[in-house]
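Notes follow once the structure below has been shown.
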Amino acid sequence: MDNSVVIHDGDFELEDASSSWRQKLPRIASDPSLCSTAISEEDASEHAKDNGKESFKSFTADEERVIVRKLDRHLVLFIAFLYMLSFLDRSNIGNARIAGLTEDLNLDSSQYEWLLTSFYCTYITFQWMTLLYGIVPAHIYISLATLTWSLTACLQAVASSFSSMLVLRALLGIGEAAFSPGIPFLLSFFFKREELAFRTGLFISAAPLATSFASSLAWLITKVAYHVHISAWRVLFLVEGFPSIIVAILAWYQIPDTPDTARFLNQREKKIARLRLSKERHTGKGTMSKKSKLDWQEIREALTDVKCWITACMFFSCNVAFSSLPPFLPTIVHEMHYSALASQALSAPPYFVAFLVVLVTAFLSDRSQNRSYYVIFHALLGGFGYLSIAIGGMLRADSRWRYAGVYPAAAGFFSAITLILTWTINNQNSDSKRGTGVVMLNLLGQFGPLVGTRLYPDSDKPYYVKGMAVCSLFMFLVALLAWWLRRLLTRENENWTEHEEAIGEGEDEALVDENGLRTKARFIYIV
């Protein structure tokens, strides 16, 4: 029997406290030395005796690091792999276009744009499904979502007309809306606020990696397809969509619903994984309970929170740039007078660089516990990248100038999106608010692609000056909104400090409920 209680990070965390323990709380809360040391074995034995049940052992930083590494290996990397597959199936229509899709289906520029738009229409409409992550077991929900989009992606290979492809793209949007928008919300059930940006970065970085991989794979498939009797774009959809079907089956067994159901953690590690997050949750638990429910009052509070609307506007602006470039980059490179095969190959390197930049940025943001400066920097980086492409087009500059501008543009908007997602989750103090914040972010944010996918009409060939200039302006707007949000959050934190100084430290005793758990605490915004 383990006869000690949890003391972690200077906060008193106690489950099922007896009356004898509650009598000691005022003394413990008022004496910092007691809060930073372990409770004696004698006291712990008294607690266990009074309650007739086993309490949890305190845990070390080394034990916590082992658990985080296991979560990274078994959960985050698998989720990132799933997202890579989903983004591959979403964005490969750009590679299919220059592999003969538009010619075989007799699509004009407007019809091709509608294929892109139909995906985002359903993707936006079904954003509310993010809230289901708190209700439906994750391993069931993600497996079904993955199977839905993967089957749809494969069926694109047999499309014979514009209308059939339009329907399939709309169904693909539903499947992916059920999966990817809620992943940062799911990760918040397993990781602390200060750990979330890097894990979100690992997840988001799969997008540029997928785009890089898609371009390389498309180059190979296009090259091989010249020697067979099947259209290259049909082979492309089939080869890139089929692996997701296999992975959907693996997801059922691999993805845990909560730390308590993680197959890769032993019993003690499950307890530590839950308890290490307890001070960030009102319930004293690190995850949503198995009988989760939505708190409609908290949902209403999130809907009227200006901070949620600012991050949603930032996400919208980023998505204008984010959605427009991947489907059109192979075409843009091709219009720079490179061959179709060379265009597929040259589309890969900018996204691989973006993949590396996202990981470094997310790591540094978590390390410094700062979001705003990194969002502002990368928004400006992306803005100047798009601006250089636009200026190069206006001046009819060498194609290498315009191609070079793709690197900062891609690195900028991918990194900014990663931190905006994390920032939204960081600054809500309950599961219902976090889920609502993510839904708002995606509902408004995903209207960005409806703008972005229409910025490159054939009439603007080959330089697309207008589209690049518009993307540049939206990225600069992201920097401005990030600066505004930082000002708001800094003011909120300062108001908290002034309030604490006014009431004095003794009021902290009132933050312990009848079970000996801290029910209310200062919520510090990450700026």
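FYI, residue positions are counted from 1 along the chain as it appears here.
Every residue, even glycine, has its Cβ placed from backbone N, Cα and C.
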Self-check item: 119-139, 140-160, 308-328 - the range that TrEMBL marks as transmembrane segment
Solution: 140-160
Quiz item: Short question: which residues 6 or more past the ends of the transmembrane segment (463-485) have a Cβ under 8 Å from it?
Solution: 307, 310-311, 313-314, 317-318, 320-321, 324-325, 328, 332, 335, 372, 375-376, 379-380, 382-387, 389-390, 392-394, 396, 402, 409, 412-413, 416, 420, 423, 448, 451-452, 455-456
Practice problem: Six or more residues out from either end of the transmembrane segment (166-190), which same-chain residues have a Cβ under 8 Å from its Cβ atoms? | Solution: 71, 75-76, 79, 82-83, 86-87, 89-90, 93, 114-116, 118-127, 129-134, 138, 141-142, 144-146, 148-150, 152-153, 155-156, 159, 196, 199-200, 203, 258-259, 273, 277, 286-288, 421-422, 424-425, 431, 434-435, 438-439, 442, 446
Exercise. May I ask which of the stretches 140-160, 233-253, 372-394, 406-425 has the most CB pairs under 8 A with the transmembrane segment (348-365)?
Key: 406-425
